[in-house]
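Engineer: Sharing a structure here in structure tokens format.
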Amino acid sequence: MERIETWKEKIEKRLNEILKPEGPEELIEAMKYYPLQKGKRIRPLFTVAVASALGGNEDDAITVGSGIELIHNYSLIHDDLPCMDNDVWRRGLPTCHIKFGEAMALLAGDALLTYTFEVLSQRENYKTLSCEEILEINKIIAQKAGSNGMVGGQVLDIKGYEDLYEVSVKKTGALFEACFMCGAVVAKRREKLKEMESIGRKVGLLFQMVDDYLDKDGFYEKLGECLKEEIKKLYEELKEKEIFKESQELRYLLDLIYKRIT
């Protein structure tokens, strides 16, 4: 879809614009290693699509979505570490700790996380948002990425917590909640926050279920091929939500997730 591709190009450009931290050269190189690789950018695209559907400024949504993408990439750096998933390849390239060393990768993730909030908190990076709205966006992202969100979900995962729904809602769904909620804040539609939080959670759950089906782990280990039917039910439920009916771009992004298994 042409509009999605345009947004994606703008997200790539914005990531390059905002990712200019200062510090030791090797640390900066490690911080940039994941975010500047070409990716799906599904999270910032959802942020922009929600903001657009609700009447928000697309440039501001691109800035916020790019920040969420940086948070996502910091989490990937840490997830790949030997003490977590111990992965050696990501996107066809050596993982951050393989290329830069374990200690540098750990520090790069830390620095990327803190730098993201430095960028997102600067008024000059936005066109239409008030200081109050910027503060709210930072609070939402901090909560959804933190101990009761993405990081908390990772803890449940490495501890072998059996409730896959709760693990997935926190580990994957929380950051999608942030995408949808921040889209509403950008659009100055705070009355939509609870609704967007709920929809974002379900989109994140759909994303995780599709991943598990393709990787044959997680939900697939519990449900087997029945998982495909559960995915279809959740997809059909989301399609009936008003915001998906009204936004061609949101439907397209939802289809991108679902069609990976069809």
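Backbone N, Cα and C define each Cβ position, glycine as well.
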Engineer: Quick check on the annotation: Swiss-Prot has LYS40, ARG43, ARG91 binding isopentenyl diphosphate, so which of HIS72, HIS78 does it put in that site too?
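Structural biologist: So, going by the record in Swiss-Prot, that would be HIS72.
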Engineer: Of the binding-site residues listed here (LYS40, ARG43, ARG91), which is spatially closest to THR172 ((2E)-geranyl diphosphate binding site) when Cα positions are compared?
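Structural biologist: Looking at Cα distances from THR172 ((2E)-geranyl diphosphate binding site), the smallest one goes to ARG43.
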Engineer: Based on DSSP, name the secondary structure state of ARG90 ((2E)-geranyl diphosphate binding site): helix, strand or coil.
Structural biologist: strand
Engineer: Cβ within 8 Å of the isopentenyl diphosphate site's Cβ centroid: which residues qualify beyond LYS40, ARG43, HIS72, ARG91?
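Structural biologist: Along the chain, the qualifying residues are GLY39, ARG41, ILE42, GLU69, ASN73, LEU76.
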